[in-house]
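Encoded as structure tokens, the structure appears first; notes follow it.
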Ligand code: MSP
């Protein structure tokens with residue numbers, strides 16, 4: 001059986017999750033669900049990056065400077081609650097303050113040291129706390145960090161360094177040979193130019209910090225947070241604690257990251273793995289960033305969107321649908337509540353919701369709520385297009401395939417006008433039309449399993465079927481045309497996407 005090991009970035013917990021953090025995790029969750037649906041063995045890892053100076057400062061601000069761990073415990077618990085409420089299906093929520101992670105980091109450090117890739121040097125650099133990274137003068141804009149617009153601190157100390165430049169050629173060769181290592185291609189070019197022209201050895205310890213994992217053999221120094229954080233992907237596989245699990249899960253099949261952290265994931269991390277003698281992850285997907293109503297989402301602008309609130313207002317599936325439909329995976333986008341409401345009214349309530357409602361109502365009316373006799377279908381190519389899009393990490397295109405079916409079905413209703421067929425007693429044509437519509441709805445449900453899991457199960461239930469994960473045969477059977485059994489009872493129930501009070505569609509309906 002093939003396996004799929006997918007990860008998200010681990011998040012800093014100096015605040016609560018924003019819709020940006022939810023975005024990385026939603027994509028990972030959808031892909032995890034897709035591979036589970038295919039019957040693969042899946043491991044989905046997410047969690048929190050806790051050995052960061054940012055968290056320490058947040059603890060101090062919260063009046064918990066003497067109990068940093070207590071602060072982290074509280075925050076990590078709140079993140080876990082949020083992720084549970086958002087319905088994420090991670091197999092582990094890793095925290096980098098956990099004991100098995102410290103163990104993995106120690107083992108990894110020693111492996112890299114043994115290769116001869118760690119040396120002691122003097123570090124003089126400009127450190128941005130926001131990024132947890134050093135900058136060269138040339139990287140700054142008006143002397144400030146380009147991301148945080150703050151003046152970085154000048155730091156001089158004795159540090160341990162990692163011989164990153166030793167891996168320059170090997171990294172370029174790997175990326176050249178594996179065009180899929182960095183997706184999308186635009187990011188690949190960016191990373192190649194960084195590796196070729198700008199990459200330097202990096203300092204991987206801090207003498208000035210008190211929080212973090214101690215350097216093995218030199219307890220006065222703490223390991224640089226990024227060196228420790230990246231290793232979480234190995235800890236999550238079992239490295240350092242469970243060799244059999246590690247052999248099974250490593251290398252990761254997919255790291256999902258935002259475009260802001262690709263240098264760490266596509267240069268530093270693979271070089272670290274090469275140094276430790278471990279295989280590299282198969283793919284790194286860099287997704288884009290989104291603004292909120294055209295502006296950068298930031299605490300100082302006060303426009304940070306809380307994903308849990310949106311999920312409470314609209315439902316988890318609507319948030320998932322919006323993010324995966326509005327933003328082409330890999331590109332930048334914009335988040336706007338108006339756009340979300342528009343897509344809810346137009347695509348979810350009107351197109352999908354209405355389709356289900358009409359088909360189920362007509363089945364009740366003309367066939368006493370039972371599925372009519374089987375007939376041939378018209379789904380040619382839809383599943384192929386859907387799978388290809390999911391495999392190539394074009395989730396937006398997979399949704400496009402689904403919506404094509406939704407629209408074609410609505411069009412079929414208009415063209416065939418079942419109410420006219422009923423009047424004219426065109427029974428065969430009426431039965432064929434209704435079977436095609438019901439069976440297409442069943443296929444739509446299955447395609448939505450990874451993307452809108454609750455909606456998929458509700459729709460299956462309306463069609464008189466069990467939830468997707470209770471399907472007892474090989475999933476390919478569920479994807480075949482004609483699996484909806486004639487004579488089965490449907491269950492219309494409540495609308496999938498009730499009209500919102502005050503929405504234009506609701507007003508239009510009220511006026512008619
Ligand atoms: N802790 C590091 C990652 C370590 S991984 C070994 C980190 N954490 S973070 O909390 O700052 O958030 C990381 C991720 O959140 C980003 O890479 C990105 O995936 C996501 N996003 C945060 N804001 C976002 C947007 N506005 N838009 C899209 N994604 C965003 O970096």
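Residue positions begin at 1 at the first shown residue.
Yeah, the Cβs are placed from backbone N, Cα and C, and that goes for glycine too.
The Zn(2+) binding site annotation in TrEMBL covers 128, 131, 145, 148. As annotated by TrEMBL, domain 'Methionyl/Leucyl tRNA synthetase' applies to 139-360. Per TrEMBL, motif ''KMSKS' region' is recorded for 296-300. Residues annotated as domain 'Methionyl-tRNA synthetase anticodon-binding' in TrEMBL: 386-504.
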Summarise the domain 'Methionyl-tRNA synthetase anticodon-binding' (386-504) by DSSP state, stating how many residues are helix, strand and coil.
74 helix, 1 strand, 44 coil
Can you count helix, strand and coil residues in the motif ''KMSKS' region' (296-300) using DSSP?
0 helix, 0 strand, 5 coil
As a test of reading the model: what is the averaged pLDDT for the domain 'Methionyl/Leucyl tRNA synthetase' (139-360)?
95
Pick out which of the binding-site residues 145, 148 has the most other Cβ atoms within 10 Å of its own Cβ.
145
Where residue 128 (Zn(2+) binding site) sits in the secondary structure, as DSSP reduces it to three classes:
strand
Using DSSP reduced to three states, classify residue 145 (Zn(2+) binding site) as helix, strand or coil.
coil
